[in-house]
Amino acid sequence: MDWLLVLCSLVHLFVCPFTKVEESFNLQAIHDILYHQTDIQEYDHLEFPGVVPRTFLGPLVVSVIAAPFVAVSRVLEFPKDVSLYLVRFALGALVLWPLLKLQKRIKGTLGKGTSDWFVLVTVSQFHFLFYLSRPLPNTMALPLVLFAYYYWLGQQHGKFIACSAAAILIFRGELAILLGLILLGELLTRRLSLSKTVFIAVPFGLLFLFLTVFVDSFFWQRLLWPEGEVLWYNVVLNKSGDWGTSPFLWYFYSAIPRAMGTSLALLPVGMFFERRVWPLVLPALFFVLAYSFLPHKELRFIIYVIPLLNIAVAAACSRLWENRTKGKWFALLALVAIGHLVANLVLTSFLLVVSRANYPGGEALFLLHKMEGREANVTVHIDVLAAQTGISRFGHLHNNWMYDKTENLKPGSPELRMFSHLIVEAKSKHGYNLRPYAETHEIVAHIEGFSHIRSSYNHFPPIRIKTKPCLFILKNKYLPKEPDFSFTLRKHPVESAEVLLPSAAEFENRNHLDGEGLIMENSTGIPDLIENSKD
């Protein structure tokens, strides 16, 4: 059954390879470690630190795993975007490893039937496997959380506390609620003593706190504890609401139903048939309830509880399937267990198609590389929407191209007219943003993004996914022979320095440029089209 988890994870990765703004810090950090290595001054985060600092320990681990494969890719002269797949695959492998161990632990504690159904239920759902290889801060913490579950179910309390301490102090402070509730349950049932807890937790806590402060102070060039600053910003200052708010019960009526699909209906059945899942489900639900007090909510913030809830669902399916030969009603209930997997897969396929239309920026840059040859003298300006929906440094394939993301340039301005190509947001070819280029540029392509869902009883399936034009690729018809690129631009945030763009003469010989060209990253977030996702 293990191969199912790996295969379905790869499907999610290859169907939606691009990343969004929420993933930008970790992705850029991995890129910098792989390509800039010890040249810290060239790192993205020093120029564009974001609202709160994040730890480099996760990107370091992923980079170490991916580095040999990326090196081979470069030797074989594969396109640079292959490295993006390799990096995401490395992260996915990091999450799958403890997930598969957890599955084996379920087999030992609840039986093979529950273990097999756990895999089937997990692969039938969308969000967990979709997030599994995405460089989100929550995904970086997920391997440690899954290891903590694994050791908890095996009553290996020392390793459980160590993994919990690392996950909380390095990656996500809010996990103190979830893992703390599990620890409290062990203390109340006297499977673990308070003295032993303190004896293990204090040294490991100090060790991991020192580790994150030491490593991240080096990368951030100042003394700091990243997760401490995040907690101060979100909890003490309560600034998370600046990025959008949701109703108190949003996780219960929106996030969990979407993450679990039709499996949610079998959750109470599993709790009824198998009382041993109660200690797994209750901490998860109480964690979600406690976390609901923070006004800013996203599904990824509670992604850690999905495996625990799925264990209860798997227990229900296993019991229904085992009883299928006891009578017609039991056989019908067994079909319900199978049918809910089919319903989940239909929903997952639908969401995957929608998600693929959520990255028009990545699609636009990919299309531009197909239209223009490697040797073409291309200078492309990328606007905010394109930059936030799939374009990363891993997508900058040609050393002799210039990729620029300077913000706040007025449409039709002399600065924008100096570029050979523009990737511009517009709702149609007659859009306001395109009017200033009517005489000077030609539209060579447009990229559509997700618009809305529409019911149509004349088609099968009766639900239609509608897209709309959102990005246009423009080509300059009258690019001057001597374009003036002397206005000051920042280099791509990975470069982390200010330079003057080269003159037209200098463009004839670009050996002075590094392997990535010049670019400026924007810092504005946009809403996710699948969920209300901001960072």
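For all residues, glycine too, the Cβ spot is worked out from N, Cα and C.
Residues annotated as signal peptide in TrEMBL: 1-21. Among the features that TrEMBL reports, transmembrane segment is placed at 56-76, 82-100, 136-153, 159-185, 197-220, 248-270, 277-294, 300-317, 329-354.
Stretch with the largest number of CB pairs closer than 8 A to the transmembrane segment (197-220), among 56-76, 82-100, 136-153, 300-317: 56-76. Most Cβ pairs under 8 A with the transmembrane segment (300-317) among the ranges 56-76, 159-185, 248-270, 329-354 are made by 248-270. Listed by sequence, the residues of this chain that lie at least six past the ends of the transmembrane segment (136-153) yet keep a Cβ under 8 A from its Cβ atoms are 22-23, 25-26, 54-55, 58-59, 91, 94-95, 97-99, 101-102, 105-106, 109, 159-160, 163-164, 166-167, 170-172, 175, 178-179, 182, 186, 300-301, 303-304, 307-308.
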